[in-house]
Amino acid sequence: MVLDGFAAHFDAYLENIVREGKSEHTVAAYRRDLEELFALLAQMPSEDVGGVPQDLSRRDFTAALRRLSQRGLNARTLARKLSSWRQYCVWLVERGLLHTDPTADIKPPKQPERVPKALPQEWLNRMLDLPVDGGDPLAVRDHALFELMYGSGLRVSEIHGLNADDVYLDEAWVHVTGKGRKQRQVPLTGKSVEALKNYLPLRQTASDGKALFTGRNGTRLSQRQIQKRLAQWAAQNGDGRHVSPHMMRHSYAGHLLQASRDIRAVQELLGHSSLSTTQIYTKLDFDHIARLYDEAHPRAKRRDE
């Protein structure tokens, strides 16, 4: 079986998405997904796969998905891989290198709706109000990092990409580059402004001096380092619960939505392109909503009666 016809333009495709401004993380994910697809197609019996792009069919791609599913990959991961494959096929079709897109009518595996985990507001306030050792630059940095994470609801990739000149302390907002390199402005809380003012004079800088959050050597903190610092902080000062940047973002969204009830505003602040993505946060804390109902509705039955 020959897959050269389908894989021949792989490098050109990756070069193209780099020119389009896709992040290194995104390009690396596309590379992995497509290399995995080529390997899966190469392992299939010759009667299951065509030899050139024009012969590839819907069946070939559904068979590849089925094999990945048998390996235990969840629906979310399978849907992402299918999306990567589809984008490559569309790119080939647009350039006349593939007759039709064989993935066009393949529906991604249905993903179970998962309500994001949010941290209790009281717990977060207590943790963020813990004393900070002003003589320890890393402790001051971490406090600013965590205040920003919860106070503005940024993704870990967005925090990683922040430069010092993205922060406007006098105006109390931060310029964020999100998914798809979309730009947005997000307000800063008073606590975040205070923490950043304490941190910036202590910030270590490398030669370019751009990164907002840096390590001892002055280089930009990686996403993994940010995740690790947050987990360590929670483990050392909290009650043993696991905490991730994603949970901090979920907490920001859920708490803000509970207080404001303005889902459109929360959508803008989070940088969601679709309202349906934001709507999942309406299910974050049904108990809280039920208590409000009990307290406010004249015909509600008190749950403690």
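The first residue you see is number 1, and the count goes up from there.
Using N, Cα and C of the backbone, Cβ positions are placed for all residues, glycine too.
The domain 'Core-binding (CB)' annotation in Swiss-Prot covers 1-93, and the record cites sequence analysis as its basis. Swiss-Prot lists 114-294 with the feature domain 'Tyr recombinase', giving sequence analysis as the kind of evidence. Sequence annotations record features per position, and here Swiss-Prot assigns active site to Arg155, Lys179, His246, Arg249, His272. Per Swiss-Prot, the feature active site, O-(3'-phospho-DNA)-tyrosine intermediate maps to Tyr281; the stated evidence is sequence analysis.
There are 13 other Cβ atoms within 10 Å of the Cβ belonging to Lys179 (active site). Taken residue by residue, the domain 'Core-binding (CB)' (1-93) breaks down under DSSP into 72 helix, 0 strand, 21 coil.
Straight-line distance linking the Cα atoms of Lys179 (active site) and Arg155 (active site), rounded to a whole number, equals 9 Å.
Summary: among the active-site residues (Arg155, His246, Arg249), the fewest other C-beta atoms within 10 A of the C-beta are counted at His246. Taking the Cα atom of each, Arg155 (active site) and Arg249 (active site) are about 7 angstrom apart.
Summarised as a single figure, the pLDDT of the domain 'Tyr recombinase' (114-294) averages 82.
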